[in-house]
């Protein structure tokens, strides 16, 4: 069985057993993305406009035993994420500055900080995050300057 269909099947089964009082949907989607990452796929987000159809199709699979609609919606989400990533890579290859502005306007704040740091001159160093004792390499100059200005 193809890994995408396995991931969809696991997700449907997890949501069907509903093991927790709260957070089953979020946990199920995180597990789904973990499976996708394990098979070399990008994580997917069930977009707001697909949310109702996603819920209806998941319920149809659980109640009627018909996976067709759910698999179709899930595969559409996978395809959208893969296409968006390919579009970003192609944009960055064509025009790095264009890709920077495109990424910044569409990403989250942490994503924007990362994009800004990656497009600047990076100085690598070791940093202690002060929370859990983990040391990691980070682009120091850009992030330190941003932290001081906030």
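Note: Cβ is positioned from N, Cα and C throughout, glycine not excepted.
In the predicted model, the domain 'Fido' (1-76) shows an average pLDDT of 91. TrEMBL lists 1-76 with the feature domain 'Fido'.
Reduced to three states, the DSSP call for residue 28 (ATP binding site) is helix. The ATP binding site annotation in TrEMBL covers 22, 23, 24, 25, 26, 27, 28, 29.
The feature region 'Disordered' is assigned by TrEMBL to 124-150.
Sequence annotations record features per position, and here TrEMBL assigns compositional bias 'Basic and acidic residues' to 141-150.
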Cβ-Cβ distance under 8 Å to residue 27 (ATP binding site), same chain, at least six residues away: 14, 20
Cβ-based neighbourhood (8 Å from the centroid) of the ATP site, residues 22, 23, 24, 25, 26, 27, 28, 29 excluded: 20, 30
Residue 25 (ATP binding site), number of other Cβ atoms within 10 Å: 16
